[in-house]
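Supplied in structure tokens, the structure appears directly below.
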């Protein structure tokens, strides 16, 4: 079976045709529309999959935001143009003429990453640090989605940094400190206006303000991991996302984790599937749903 997989993120939307053995037959990518207009998202999706839908037998979508019975709502209005009650599953059915499923992107990525962990692992957490911060949780070998799709939104757990305002309306969320958007937003003076990628490059060159921003991001993620370890007793944490997969970022997080009690130790890995975790996870989840 060939699946049309789509991953909707805060910055880009990816689509791929994925075969039964997990091979990518074709992959495309476009920028995520940020206008507060559902028609913009629908138009972008229609354009992206137009040349792929005829080859696929099902669709599988992973998207940032809350997915509740196929309906998408952005928890943080700064993401996806603040989409609310967007009937993503129905729209994909209309666009493609196919049946399929929709799941949160970090939940999907967690499921993909869990499948390649050693068989003895039954509890894990995936954290994506990208435009925003999200997560997916596997407990007793089962993915937690929650009664309303909210499970795993770890980016909106409070951090120890209280002077940052999050788009969700709270102050001090992990997302408001560690995400790519937060790093860019906090950049001042000579760093103002630079991309997160360039700020990381400046940090590697020893630029002090850049070092502070990237270290604060990593230390806040480490603090989050400790909290999740205490709550879930997870065996493994996998980190993904454009920031999470930046050169040296997981090592920074590991360094900050080392200051905590040994009881909070957890195995820490970068995402095996890199930026494709969401696409692969959505596909695997969809196939599990129909078997």
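Each Cβ is built from the backbone N, Cα and C atoms, and glycine gets one as well.
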Which one of 153, 156 goes with 166, 168, 173 at the Zn(2+) site, as Swiss-Prot has it?
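Swiss-Prot lists 166, 168, 173 binding Zn(2+), and from 153, 156 it also lists 156.
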Neighbourhood of the Zn(2+) site (156, 166, 168, 173): other residues with Cβ within 8 Å of the Cβ centroid, in order?
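The surrounding set, listed in chain order, is 75, 76, 155, 167, 169, 170, 174, 175, 176.
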Provide the number of Cβ atoms within 10 Å of the Cβ of residue 7 (ATP binding site), excluding the reference atom itself.
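Within a 10 Å radius of the Cβ of residue 7 (ATP binding site) lie 26 other Cβ atoms.
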Taking 9, 132, 134, 136 as the binding-site residues to compare, which has the smallest set of other Cβ atoms within 10 Å?
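Comparing Cβ neighbour counts within 10 Å for the binding-site residues 9, 132, 134, 136 gives 9.
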Of the binding-site residues 156, 166, 168, 173, which sits closest to residue 138 (ATP binding site) by Cα distance?
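Nearest candidate: 156.
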